[in-house]
Amino acid sequence: MTISTDALTVGYHGTAIVQSVKLTVPHGKITALLGPNGCGKSTLLKAFANILKPMSGDVYWENQPLQELSAKHLSTQLALLPQTQPIPEGIKVKDLVAYGRSPHTGFWGNLSTTDLAIVQSMMVQTNVDELADKLVSELSGGQRQRVWLAMILAQETPYLLLDEPTTYMDINHQVELMHTLRALNNQGKTVVTVLHDINQAARYCDHLIVMKAGVLICQGTPSEVLTTEMLQAVFDLKAQVHKDPVSGTPMCIVED
Amino acid sequence: MITPSRFFLFSTLLLVFLALTSLSFGAVSLSFLDVINGFFEDSEHYFTIHEYRLPRTLLAIVVGAMMALSGALVQGVIRNPLASPDVLGVSHGAGLAAVLYMTFLPDASTNWLPEVALVGGLLAAIVLWLLCGTSSSAIKLAITGVAMAALYGSAIDFVLLVKPLEVNNALLWLTGSLWGRGWPQLTSLLPWLLLIPLGLGLAKHLNLIDLGDDSAVCLGTKPNIIRLISLATAVGLTASCVAICGPIGFLGLIAPHLTRRLIGGRHQVLLPATLFVGALLLVIADLVARTINPPIELPAGLMTAIIGAPYFLWLLFSLR
Ligand SMILES: Nc1ncnc2c1ncn2[C@@H]1O[C@H](COP(=O)(O)OP(=O)(O)O)[C@@H](O)[C@H]1O
Ligand SMILES: [Mg+2]
């Protein structure tokens, strides 16, 4: 059970953004997608989720091209937290989280007691259960981000694709989120997440994938990937790499 | 926001009350007892109640409900509070087609009016789509739609000027009136009621479309197909009503918007609830239009426009 791509080229309106990417997402791990703004991280995630169709090459889920799988089946395997989310009008937090059960409910979307229990426990897990009866439109950005996370967790998929899940969150909630991701990983979920903070990625993730201008540059464990050469080549950054005194993982410190 | 059960209880009671009121008032006012007796053939009020006020009241309920659902479907997929069949020009497109049909084929059967109006409404929707594309801003869509509606309106005026057939009748029809509508019109609307369950059946998918297309896809729905079915259903609902009552302005805009404020945006509740709100609004509008200055009857469409136009402007200005 895994996502892989072969010679994947994908983009918008005939313009290729991600080019000839070949990779396999390591199963059972937390993988971070890194790269400068506009390098195609979101585009790659959307291709993983079958939102964008490949211009050439393929994305595979369990060695089957995504196009051959039904949307319904895929929605029980992969869940995506998009980078930006519209704000639905007049929807309560608990209703939004319940929308995550859609792949499992019937025609009218009725929730069984099991569904309701799952919705409740996901709200607890992301710490939004106290907001359950509030309108989504009345929340702060960080709160909304956690509500959406609860929504895709309610989908109960083995794979999670997260596009910048820490945006809008204060540092405390960012750390909490990384712990939540680890807890989910320990429950057996595979996580692929776009992160902005390289040190956060190195500290909390098992595997890093680095992209630049739509091309895959390198991938591996944080200590394999996080080098001064890589930072220079990809981010155009003069930085030193040191050992994090607390976790022992590599961290970069900008020189100038 | 109020709870759905309270909403449905309250609106059912209100609807029954208003329907009875609507049966009592008009050119002559009848007592409650007269109204009840009027359902039976031996009553002196049988004609007034059974042949005249009852079908008209029922028609107001059905048309109001259909137009409101139509608006809710459009607002649901376009994610835009300004969108509604009349604002987008669909109603006037349907109206223009109907006028052309009546003018140039005076001998043709009026039974086909709903289908003709449907073609006009669909064409208007397609024209708007060609002009704006799928990802237009709320304002652009609304302004283009209003402009197209004005254009179709002028075309209607032009046709009526050059071919002044039964201008009076047509004019009355075009202002959106329930005057003189009875059992035949109500019967001809019946098959189109099937569009109501079809629209309600989209509830789950419309919820997901609210979350954005990317999320909707990941939750297992197909946004483009849902959008197509929704809009086609909405055009069908509007066109069949327009064929009978003319374009009753702003109902499809106000009713779903008001409903959303009352009971929230979950479509499993919003769609059924908007049927009630639409029915209530049109029954009230028709009642006021009939009783404000009897025996003169104003068109119900005039009433909805008096409330609707300021509401629309307020919405337009409150959009950031
Ligand atoms: N919907 C879109 N239509 C056209 N171009 C887009 C669209 N979304 C993103 N792009 C372009 O694709 C490139 C990569 O975008 P994206 O994948 O969002 O980058 P990242 O997530 O790495 O910051 C950018 O140059 C952006 O302008
Ligand atoms: Mg991005």
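Cβ coordinates come from backbone N, Cα and C, glycine included.
Record features, source TrEMBL:
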TRANSMEM  B:57-78  transmembrane segment
TRANSMEM  B:87-104  transmembrane segment
TRANSMEM  B:116-134  transmembrane segment
TRANSMEM  B:141-162  transmembrane segment
TRANSMEM  B:224-249  transmembrane segment
TRANSMEM  B:269-289  transmembrane segment
TRANSMEM  B:296-317  transmembrane segment
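Of the two recorded stretches, the transmembrane segment (B:296-317) lies close to the transmembrane segment (B:224-249), with three or more CB pairs under 8 Å once pairs fewer than 6 apart in sequence are set aside.
Among the listed stretches B:57-78, B:116-134, B:141-162, B:224-249, the one sharing the most Cβ pairs under 8 Å with the transmembrane segment (B:269-289) is B:57-78. For the transmembrane segment (B:224-249), the list of distant contacts is 59, 63, 66-67, 69-71, 73-74, 76-77, 85-86, 90-92, 94-95, 98, 113-114, 116-118, 120-122, 125, 172-178, 181, 185, 188-189, 192, 195-196, 198-199, 202, 205-206, 209, 216, 282, 285, 299-301, 304-305, 308-309: same-chain residues at least six beyond its ends, Cβ to Cβ under 8 Å.
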